């Protein structure tokens, strides 16, 4: 059953991609959806069965049914498909594991992927390359499953590279668009930085641990030199920064919105961008012995969350607003990892996947219904034309804002509380930025809701006349994701983040000094717990007031000089792209040009074949000049040679203190004769 879960997506991708002309458009859609759905259901069944969650969940007393507790028995299943590398020093196997970390991730990836496949049936109905699109989606899901279930770092790396390549193909699916080409190349090259760091981490890891298997590596960090562990931790962090879009390697994600909207939902909500956080969560035994790395992770995560939230304030593309929201939420996940709260980071990763996929698919429904318009300033009043889409997007937005008792509430607010519960500089820094970010998130989220659905219509009349809710294949994914955005956090929060839950006892390691869940739960003042919620409420009310009742205030705010500078700074994304283009990329290209000009076509020619032939030719020509045919010249050569020989023999006497001065004069006289003879030789040769 395990192999069926893994390889069914590949079967669907292979048949749809290579046999698409035979199975047809409808056949490719049905086949890929069926394969992904089967894998998702099997992964859910396997997750429930190995942890015995089906038994003992409820107790009955009379007519009342009580929820008792999660009753699970830890089980870690390994499947070995054979040896990949077998040498004297290392053995690497094609091995997969199914445990308490991999199965929740696997189910989330497969289930959301199925919903996105189903959504794409209608969304991509008029595209001429449907088979290729569904093949890419299924192939991406397959590689993500490989990444999640790999039992060693090298199998994980296969999935890591696979999703990188397929994400390039998906972002560049409409390859006739120049902007799609640029976005795909940017995403691919930025992720290569992370891939290089991850590769170097493996090269450091192998001699340090002697293995790449998780079971071996995770048992040894306490006995390894801390400098080595810190280096490995930093390299893993760089890899995660590129894949999970953390500053300064964040710039690829907003541009990747050039791909189809289902791609945005699959890659930038549920799967690819969470791969970096999954890598760090999986490597918790290494990071726990590298406190410097944890400090850096916390600062980077908090800074990314705040940075993306401020940039999201001024975006006008509906997909880019949600993209910056994704970067901001990824910052929360990374921040939780830096605080050593890996289970909370994992919970937020899974919870976020549902409501962010809902927001992306809701945006896709709006774009599809409104004539492919993506600028929120050209919309407005769509609540009357797309009431169902408005309802589900409102649910996703409220869950994103950690509204009490919705899915996002059980992880996002807890991350901020845990930051305060650290009682450290990094914890305070994370708490302040996390709380402010919560308010900013509320503002730009309800700015989107207001401009798209609530304000007066600002679009083309024909677009409004043609607007309508999509077919059932769009409504079902939105409805299911909305249900998960409401209830999934409530149902699973005690399992993932509940005090006393040992669900991750055998898969996540937290150093005893870093456990702060009790402090965050019981020692915090109520005001510090409520502060993020207060900021969120303030941001919501402020956005609703400004864009529905006083829209001219924003215009007047931006029209003054300071407002223009701030707006330009935020709209320019802190000028990261300008810095990269002017000071890194252009300088790198110039350096490469100089290398090509001076070395590839200059120095190499001088010291290569051309240079060697020139040296030999000039040397032979100079030697030929010595053959003058004049006897006196030959006599001079003989004299010069003898004098040189005498000088070589007697030269050491110049520094010998036991030799008389008369002998030193004789030696200097011989040297003078050599110089004169050489001078005469030069004159005669002319």
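Backbone N, Cα and C atoms are what each Cβ position is placed from, and that goes for glycine too.
Just so it is clear, the model here is predicted, and its values are computed rather than measured.
As recorded in Swiss-Prot, the features of this protein are as follows:
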TRANSMEM  3-23  transmembrane segment
TRANSMEM  101-121  transmembrane segment
TRANSMEM  139-159  transmembrane segment
TRANSMEM  160-180  transmembrane segment
TRANSMEM  222-242  transmembrane segment
TRANSMEM  293-313  transmembrane segment
TRANSMEM  321-341  transmembrane segment
TRANSMEM  382-402  transmembrane segment
TRANSMEM  432-452  transmembrane segment
TRANSMEM  472-492  transmembrane segment
TRANSMEM  526-546  transmembrane segment
TRANSMEM  635-655  transmembrane segment
Using Cβ atoms only, state whether the transmembrane segment (293-313) and the transmembrane segment (472-492) have three or more pairs under 8 Å that are 6 or more apart in sequence.
no
For the transmembrane segment (472-492), which partner among 101-121, 222-242, 321-341, 526-546 gives the most CB pairs under 8 Å?
101-121
What stretch of 3-23, 432-452, 526-546 shows the most Cβ pairs under 8 Å to the transmembrane segment (139-159)?
3-23
Positions on the same chain near the transmembrane segment (321-341), where near means CB under 8 A and six or more residues out:
240, 244-246, 250, 253-254, 256-257, 264, 268-269, 273-274, 276-277, 280-281, 284, 287-288, 294-309, 311-312, 315, 348-349, 352, 356, 359-360, 363, 376, 400, 412, 415, 418-419, 422, 426-427, 430, 434, 437, 441, 444-445, 447-448, 510-511, 514-517
Folded-back contacts onto the transmembrane segment (526-546), same chain, C-beta under 8 angstroms, at least six residues removed:
401-404, 412-413, 416-417, 420, 431, 434-436, 438-447, 450, 454, 553-554
